[in-house]
Each structure stands twice: as C-alpha cells, then as structure tokens.
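Peer 1: Handing you this structure, nothing more for now.
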Amino acid sequence: MPTLILCRHGQSVWNAENLFTGWTDVDLSDQGVEEATTSGDRLKQEGIEIDVAFTSVLQRAIKTTYHLLERSNQLFVPLYKSWRLNERHYGGLQGLNKDAAREEFGEEQVHIWRRSYDIAPPDATAEQREADLADRKYQGLDERVIPTSESLKDTLERVIPYWNDAIAPELLTGKTVLVSAHGNSLRALIKHIEGVSDEDIVGYEIKTGAPLIYELDDNLGFVSKHYL
C-alpha cells in the first residue's frame, strides 16, 4: 500500500515575525529547526523508511527535508526539488507584516486575499518581479510561468502537474514518499487527494514541521491519515 508523508516546513523567521512570505527565500527559525529535527527523530523511532523525497526550491523546505532525513538516518534517499512545490506567491504582500497589511487594506480585504480560493493578492511590485526573474533558482523557466501573485487555485494548477508527472508515479509502485513543502502547496495536494471542497480547503490548517501520514489505496485513493 502506498504511503505519502506530507510535511509543512518548520517555522520560518518570517513566520515568527508575522510577515507574508510566499516565494521570499527565508530561513528556518530556531523553533523551526527544532520542529524538523524532532520530527526526524520520530520517523526514526517509528521505523518509517522513506524511499524518495520531494521538496521545493526554497531553503526553509529544503532544510526541513534535510533535518527529517538526517535525524532518521536516511540522507541517502533520492531528493528532487521543484519550483512547482513552492509556497503560494503572495505578490505585493510579500514582506509586509500581516497586522500592518490589515491596517492598510482593511481586515476584510486581507482575509479575502488569504482565505479565498480563487482571489489573488495584488501583483508583485516591479522590483519584486525583477528579483524573481533574476533569481538563479528560476533560470531556464519561461518567465510566463513565474507568477506575479497567486490564489490557492493558481497554486493548485501548478502543483498538480508535478504530482501527476513526478510524485504519483513513485507512489503507484508502492513506495513511501515524503513531500516536504509549504502550507498552500500542501493544501493543493490535500484538496486533490481527499477531494476537499473549494470552500473548506482554504481554512484547512497544517501544523509546521509535523509529518502528516497518508495511507492510500493502489489507485492513490484516500484511505486514512494521521499526524506522526
């Protein structure tokens, strides 16, 4: 039976400062490192053997993956990185304090941007856009696929092709697969796997640094899930 382990990265320094992060490549906080290493210890204690791992190209997810694999003595496991597993792009909100954004735009508007399924925040500024296009992580990509802002729906539409092309084929061979990513890219996968409604998925909370283990049937249908 295929097993899928989803893990949201440990707390980042911008999570701790209550800032919109998105594609900004910030590091884990000390708490985030502790969350990831503790979960790696749990993987080892439970004897969970991972066959292949996937993560984004953002360091907070990559480092979480490393801590999970290092603490469970599984650094040899093949690891694949893709921009398609990045966090939702928060456009012009990136770098703003969430409370300050509520004061500037209004609490209701910020809530709509954060918790609507198909409404994106304002586009990235020209400076932010230039930085994304110049980032080595995205060299070789058609600039049209690099977002200026995303809704959760937009995030799902870039995540699911990677699920279909890279992740699902590994699961279909019966492997145990780790996906260490971000709150919204994982929401996209959860919506796809469980068939969660548009209305319900936006409020779905995912713990930081805590492996969420899915048991799937041979056709990758949802059977059960639990946090480690």
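Counting begins at 1 with the first residue displayed.
Glycine is no exception: its Cβ is also placed from the backbone N, Cα and C atoms.
Annotated active site, tele-phosphohistidine intermediate per Swiss-Prot: His9, in sequence order. Annotation source Swiss-Prot lists active site, proton donor/acceptor at Glu87, citing sequence analysis. Summarising the annotation, Swiss-Prot assigns substrate binding site to 8-15, 21-22, Arg60, 87-90, Lys98, 114-115, 183-184. According to Swiss-Prot, the feature site 'Transition state stabilizer' maps to His182, an assignment based on sequence analysis.
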Peer 1: Measuring Cα to Cα, tell me the gap between Arg8 (substrate binding site) and His182 (site 'Transition state stabilizer') in whole angstrom.
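Peer 2: One finds 5 Å between the Cα atoms of these residues.
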Peer 1: Please report the distance from the Cα of Trp14 (substrate binding site) to the Cα of Glu87 (active site, proton donor/acceptor), rounded to the nearest angstrom.
Peer 2: 13
Peer 1: List the Cα distance (Å, whole number) between His182 (site 'Transition state stabilizer') and the residue listed as 'active site, proton donor/acceptor'.
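Peer 2: Cα-Cα, rounded: 5 Å.
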Peer 1: Of the recorded positions Gly22, Glu87, Arg88, Lys98, Gly183, which sits closest to His9 (active site, tele-phosphohistidine intermediate) by Cα distance?
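Peer 2: If we rank Gly22, Glu87, Arg88, Lys98, Gly183 by Cα distance to His9 (active site, tele-phosphohistidine intermediate), first place goes to Gly183.
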Peer 1: Could you check the recorded positions Arg8, His9, Arg88, Lys98, His182 and say which one's CB has the fewest neighbouring CB atoms inside 10 Å?
Peer 2: Lys98
Peer 1: Tally every other Cβ atom lying within 10 Å of the Cβ atom of the residue listed as 'active site, proton donor/acceptor'.
Peer 2: 25
Peer 1: Could you measure between Gln11 (substrate binding site) and Glu87 (active site, proton donor/acceptor) for me? Cα positions, answer in whole angstrom.
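Peer 2: So the Cα of Glu87 (active site, proton donor/acceptor) lies 13 Å away from that of Gln11 (substrate binding site).
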Peer 1: So how many other Cβ atoms are close to Gly183 (substrate binding site), meaning within 10 Å of its Cβ?
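Peer 2: Taking every protein chain into account, the count is 20.
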Peer 1: Could you state the CA-to-CA distance between Lys98 (substrate binding site) and Glu87 (active site, proton donor/acceptor) to the nearest Å?
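Peer 2: The separation of the Cα atoms works out to 17 Å.
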Peer 1: Tell me, by DSSP, whether Gly183 (substrate binding site) is helix, strand or coil?
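Peer 2: The residue in question, Gly183 (substrate binding site), is helix (DSSP, three-state).
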